[in-house]
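Colleague: Take a look at this one; I'll ask things after.
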Amino acid sequence: FDGRNTSANNKATDLMALPVRGCCSDPPCRNKHPDLCGGRR
């Protein structure tokens, strides 16, 4: 199960990489999606 979840998460992360970068540089969006931006500062 872990292997499958990792590969699925990696694909989703790759697809979202560009929009997430824009979101993570936008404080309101980053606050709504802390998990996308690493969560930890």
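Counting starts with 1 at the first residue shown.
Glycine residues also receive a Cβ, built from the backbone N, Cα and C atoms like all the rest.
Pulled these features from Swiss-Prot for this protein:
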DISULFID  CYS23-CYS29  disulfide bond
DISULFID  CYS24-CYS37  disulfide bond
MOD_RES   CYS37  cysteine amide
Colleague: Measure the Cβ-based neighbour count of CYS24 (disulfide bond), defined as the other Cβ atoms within 10 Å of its Cβ.
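Modeller: Around CYS24 (disulfide bond), other Cβ atoms within 10 Å: 15.
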Colleague: Please report the DSSP secondary structure of CYS24 (disulfide bond), reduced to three states.
Modeller: helix
Colleague: According to DSSP, which kind of secondary structure is CYS29 (disulfide bond) found in, if we only use helix, strand and coil?
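Modeller: CYS29 (disulfide bond) sits in a helix per DSSP.
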Colleague: Measure the Cβ-based neighbour count of CYS37 (disulfide bond), defined as the other Cβ atoms within 10 Å of its Cβ.
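Modeller: There are 18 such Cβ atoms around CYS37 (disulfide bond).
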Colleague: Can you tell me the CA-to-CA distance separating CYS23 (disulfide bond) and CYS37 (disulfide bond), as a whole number of Å?
Modeller: 8
Colleague: Just to be sure I understand the packing, how many Cβ atoms besides its own are within 10 Å of the Cβ of CYS29 (disulfide bond)?
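Modeller: Summing over all protein chains shown, CYS29 (disulfide bond) has 15 other Cβ atoms within 10 Å.
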